[in-house]
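Here TrEMBL flags 20-48, 60-84, 96-118, 139-156, 194-216, 237-256, 268-291 as transmembrane segment. The domain 'G-protein coupled receptors family 1 profile' feature in TrEMBL is assigned to 39-289.
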Amino acid sequence: MTVNSSLSYFVLTAYIHVGSLKFLCFVVTALVYVGIVLVNTSLIVVICMNRSLHEPMYMFLLSLFVNELYGSTGLFPFLLVQILSDLHTVPAPLCLLQIFCIYMYGNVEVCNLAVMSYDRYLAICDPLHYKSRMTSQKAAVLISGVWFYSVLKLLITLSLNVRLSRCGNVVNSLYCQNYLIVKLACSDTRLNNIYGIFGTVVTVIVPLIPILFSYLRILQVCFSGDKQTRQKAVSTCSPHIVSLLNFSFGSCFQIFQSRFSQNKLPVLLQIVLSLYFLIIQPLLSPVMYGMQMSSIRNTYKRENTTTAGKPRAKI
């Protein structure tokens, strides 16, 4: 086997030949991406432009919507090019950049959801002291910490990846994945594997602690509280729970798919599930929060009414 430490490109083999249907696939994929951009951007604008929404809870939502845009942009432009291409190759630097974007998206998403669960715990379980315990400054520090930690973690991941010598460049995936790239290495990958396990534990287990703690306490308050308390908990927590469960399902399958053989599954199902957490999550989160949270929904309606009610300038 030939060792090549300077492979300039990777070949993605998970794409199937669909003939002239590739143009239909391109249009559908482009429409999905446009939809993700529109729904997330509209909510970002609503939160930024309305001072009544400049509160910790909406700051966390703002970070979530920005991350949805970031993660989908790390995939969709690349995916659109590959759909129209006959040769599914990707330059090595671009492959590493995509790994950075997609993995950072996942890291920010789970950490942001963990912080949001703690915020909901304070709002429901300790409402009298919520404004003093969760100020806008504290929210900004938490959000900055989530993004800084994610950048640092992925820089370490890429630095461990770049040092490896590789014996091949064939990747059985629709996009670049760190574990599959590491598997191509001929050199010692023990450090990568140790850091990968450590990173997975830190990214999954550590955020799981505040999530479980927060929702156990919220459940206790719901069972012991009055009807109004339960209604408030359901209205504010249901979008978060749906978003959390949806992202967890997509992420778990992606982890299992990259590490275990999925040959028994139909090819089309493998493709759909491999893209699940990068397509459904960026669409579901803004729709859920926009529909369920009355403050955002009412502000959005008010903005549309105000815009529609403005008289047009006469020419």
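Numbering starts at 1 and runs along the chain as it is shown here.
Cβ atoms are placed via backbone N, Cα and C, with glycine included.
A TrEMBL annotation is a machine prediction, not a hand-curated record.
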Within the same chain, the residues 6 or more beyond the ends of the transmembrane segment (194-216) and with Cβ under 8 Å of it are 106-107, 110-111, 113-115, 117-118, 120-121, 153, 156-157, 160, 178-179, 182, 237, 241, 244, 255
Average the per-residue pLDDT over the domain 'G-protein coupled receptors family 1 profile' (39-289) and send me the rounded value.
-> 86
What stretch in 20-48, 60-84, 139-156, 237-256 has the biggest tally of Cβ pairs under 8 Å against the transmembrane segment (268-291)?
-> 237-256
Highest-contact recorded stretch vs the transmembrane segment (237-256), from 20-48, 60-84, 96-118, 139-156, CB pairs under 8 Å = 96-118
